[in-house]
Amino acid sequence: MVTAFLGTVQFCYRLEVRAFFFLSAKLELVLLLDVNCGLILQLGGVRVLESQMSTDELVTVDNISQDELESTSSGKEEDWRENLEQKSSETNSTPGVGLDHFIPKPVGTGRNLLVANHGGMFSRSIMEKWDSPRLNLILDRLSECEKQNLINLVKLQNDGTVEVDLEKDEHVASELLKFQSFEESTMNGTLISESKESVPRLQIVILVVGTRGDVQPFLAIAKKLQEYGHRVRLATHATFDTFIKSAGVDFYPLGGDPRALAGYMARNKGIIPSGPTEISFQRKQLKVIIDSLLPACIAPDLESGVPFRAQAIIANPTACGHTHVAEALRVPLHIFFTMPWTPTYEFSHPLARVPQSAGYWLSYIIVDLLIWWGIRGIINDFRKRKLKLAPVAYFSMYSGSISHLPTGYMWSPHVVPKPSDWGPLVDVVGYCFLNLGSKYQPQEDLIQWIQKGSKPLYFGFGSMPLDDPKRTTDVIMEAIKDTGQRGIIDRGWGNLGNLAEVPDNVFVLEECPHDWLFPQCSALVHHGGAGTTATGLKAGCPTTIVPFFGDQFFWGDRIYQKGLGPAPIPISQLSLDNLSNSIKFMLQPEVKSRAMEIAKLFETEDGVTAAVDAFHRHLPSELPLPTPSPMVEDHANPLQWLFIQLGKLCTLPCGGV
């Protein structure tokens, strides 16, 4: 049985009702002693305040008696605080295990890097030195009442988006929006680092969680990094083993099944689980993914046994634990992604729906927070169990926000220009194409079919699962007939195009590189994945996007706003009428002309090279310096000696200070 303050319980009750699906089935209640703010009741996880509270001040509810709790509710806070401090010293006499439990700022002032096979150290840039653990971010500066009011502005929609309605409480909204100026000012600072003529050779791990469309641009970046002499390991799901190795890049398996993840996303219209069964599924998938991140960064090659230790990490945000592994290993982290994740005033988060433009910036903060609530238990367990790091605050945005990290967005600025409020840490590098079509040998019957008539339409939903593939196939077949067109149906993971008899004007395709296929087509109908959308635009094809979840709606809106296709049709609303009308819209000459114009602009872009340049540019700026050799530890001062010994125990690159 758990009792606590009435006001706090009321807040927790509202949170559970509104966000029940973010919470694990087993809730851990923790009472915290905050010397400035008094007592706080939190659901799950542990709040560690960098300058206000140590790990010795954490006491679980199980260690507190009913009398002690009642003494607090009756106003005897000072007496209870003394009892709590005494209880804390009794139950936590042994400090936490791991180097970072003893150091307020876990990320050190330098990173061990390998330069031409010799030890070296990079100092951190000015931007990185700002509030390293990020425990004092925006939400950590809000009062508990303000945090409670923030929750009241949020409503989860059936399509998986988060609605942020500032009109519910204009006073609270105006107070929250005051914090925007802080984030903008930190993002618009200047970096010390500049482009270098000589780039040190590094061991780099790329952590990617997602479908093949998510993996492909990172594979292109990996190949380009290898041209600079880096040793690159691409860590992603085991199903992409052959795909990665055939491109000449080292592979390491991450946990999780991309098919299962895609199915989960489709069922839940996004990343937030919709019920108890989905909570269990999400937690299992996330746990195996997160637990595999550290081995991906430090384990020897699984086939050759060649040692590997990441000296820099590149990741997409869906890898979840990337920031924590980088913190433990003390290496630079660079985020690359295909959808906006950095707060901006110019458009809302792709996973949010914001009626008022004033709330665009705030939507990123809220989505980060909601995601963090969903994964915080797994992350904090990972930090304590695997990384030997202190847990992260319940209301902290340290784990979700990437605003303090170098970030590269892999889309063309001609499609979505870089917002004016994104500072120098953020780059819009352009689309990163792998160009698989250049070596593709198409099947003979496909070539013959294409050459028989006019350019066909393309229909395909990639890795998206379909609840009713037969119905979707029937709608496509009827639309082809209604518009008098030819059509290619790409089966994908949804098993589209299961026909007893295939008519002459239809070709059912198993697999084919889009960069070879799309130039053969007149127009495209697909799910709106970032990579598929990019390849279609490069081919100059008008596009109809049928979004399933997530950023697919964002790209559908961008296609529509640019006049490159009709308004997106959510998969749940796909019908003969709206699909036929969309096809007719795409076949208009002026739409094709606009598509060809933007394809022409892509010819001057090289997103892969720009991404690699951005990675090098945001590395810490100072040249590598020699590090103490492990052989001279007898001459090290006491602090250096401690770091060396702990580095050996924790298998962390802590060879110097």
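Each Cβ is built from the backbone N, Cα and C atoms, and glycine gets one as well.
Over in TrEMBL, the protein carries these features:
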- 67-101: region 'Disordered' (REGION)
- 75-88: compositional bias 'Basic and acidic residues' (COMPBIAS)
- 204-345: domain 'Glycosyltransferase family 28 N-terminal' (DOMAIN)
- 495-588: domain 'Erythromycin biosynthesis protein CIII-like C-terminal' (DOMAIN)
Mean of pLDDT values spanning the domain 'Erythromycin biosynthesis protein CIII-like C-terminal' (495-588): 95
Tally of residues which DSSP labels helix, strand or coil - the domain 'Erythromycin biosynthesis protein CIII-like C-terminal' (495-588): 41 helix, 11 strand, 42 coil
DSSP residue counts for the domain 'Glycosyltransferase family 28 N-terminal' (204-345), split into helix, strand and coil: 69 helix, 25 strand, 48 coil
